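For reference, the structure is listed below as structure tokens.
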Amino acid sequence: MSSEVVNGEEVGYNSEDMSSELSLAEEVGDNLSDISSELSTNRNFNDDVQRSQKAKGEAGETSRINLQQRVLNVAPLNCIPYNGPPNATDTSSLPTKDKAAAEAAEAIGPAIIYLPPNATREELDNIMAVTKTGIAYTGALVKDMLGPVVGLMDMGELPDSYYFRVNLPGVSMDKKDFNCDIRPDGSVHIRGVSLTGEKIVCKNFQIFHMVTQNLCPPGAFTASFQLPGPVKPQEVTTRFEGGIFQVIVKKQ
């Protein structure tokens with residue numbers, strides 16, 4: 001047991017207790033040092049793991065870029081902004097007014113407008129005012145242009161035969177009404193009867209008074225033309241389909 005004077009008072013203390021307390025303090029200091037060292041080690045390990053993962057990620061990204069897409073070093077192109085739809089055939093993004101105009105341009109091409117027989121100049125002028133760029137013909141210039149023209153002919157040739165076709169819409173194909181005469185010298189004479197253009201039409205026990213009459217007028221007609229050379233009239237193949245009379249005849 002030892003003692004000493006502190007602030008005028010004698011204080012006693014046990015040297016064994018002091019030694020025990022010092023030992024305990026040293027032990028606590030050692031534990032703190034171990035804990036600090038362990039924390040530092042863990043922190044360094046975590047840093048190493050993060051650096052390793054980052055390196056792996058960058059390597060994988062580089063590998064993916066190299067595998068999927070080759071980076072080209074090219075000069076930039078000169079370009080101007082495109083204001084149209086994303087697809088040349090897509091008009092959905094066009095403004096409503098422009099889209100309607102585009103659809104109208106696609107749906108309606110050049111057209112012929114037939115006026116009723118009693119049409120007035122005012123009605124014609126109103127139509128022309130709407131078309132703006134249209135052309136209207138009147139009078140004798142269009143007298144023979146109304147309706148499909150009967151008798152128009154095309155001709156073809158092979159080394160051993162001729163082919164011709166004649167436009168005959170609305171023509172009766174009854175044997176008593178229609179006849180095609182082909183002669184050895186190559187002359188062709190067609191005789192027939194047109195059944196269209198009548199003023200009154202009877203269909204399904206009903207009588208219709210025609211308001212317009214633009215088709216070929218009814219009645220008999222003839223069409224004659226000359227083939228380029230002599231033929232064999234006995235070797236003829238004929239066919240009538242869709243208002244067109246077609247003929248193949250062997251050469252002489």
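Backbone N, Cα and C atoms are what each Cβ position is placed from, and that goes for glycine too.
Curation plays no part in TrEMBL annotations; they are all automatic predictions.
What TrEMBL records for 33-44 is compositional bias 'Polar residues'. Annotation comment: TrEMBL describes 45-61 as compositional bias 'Basic and acidic residues'. Look at TrEMBL and you will find 140-252 tagged as domain 'SHSP'. Taken from TrEMBL, the feature region 'Disordered' covers 1-62.
This prediction places the mean pLDDT of the domain 'SHSP' (140-252) at 89. With DSSP states grouped into helix (H, G, I), strand (E, B) and coil, the domain 'SHSP' (140-252) comes out at 3 helix, 61 strand, 49 coil.
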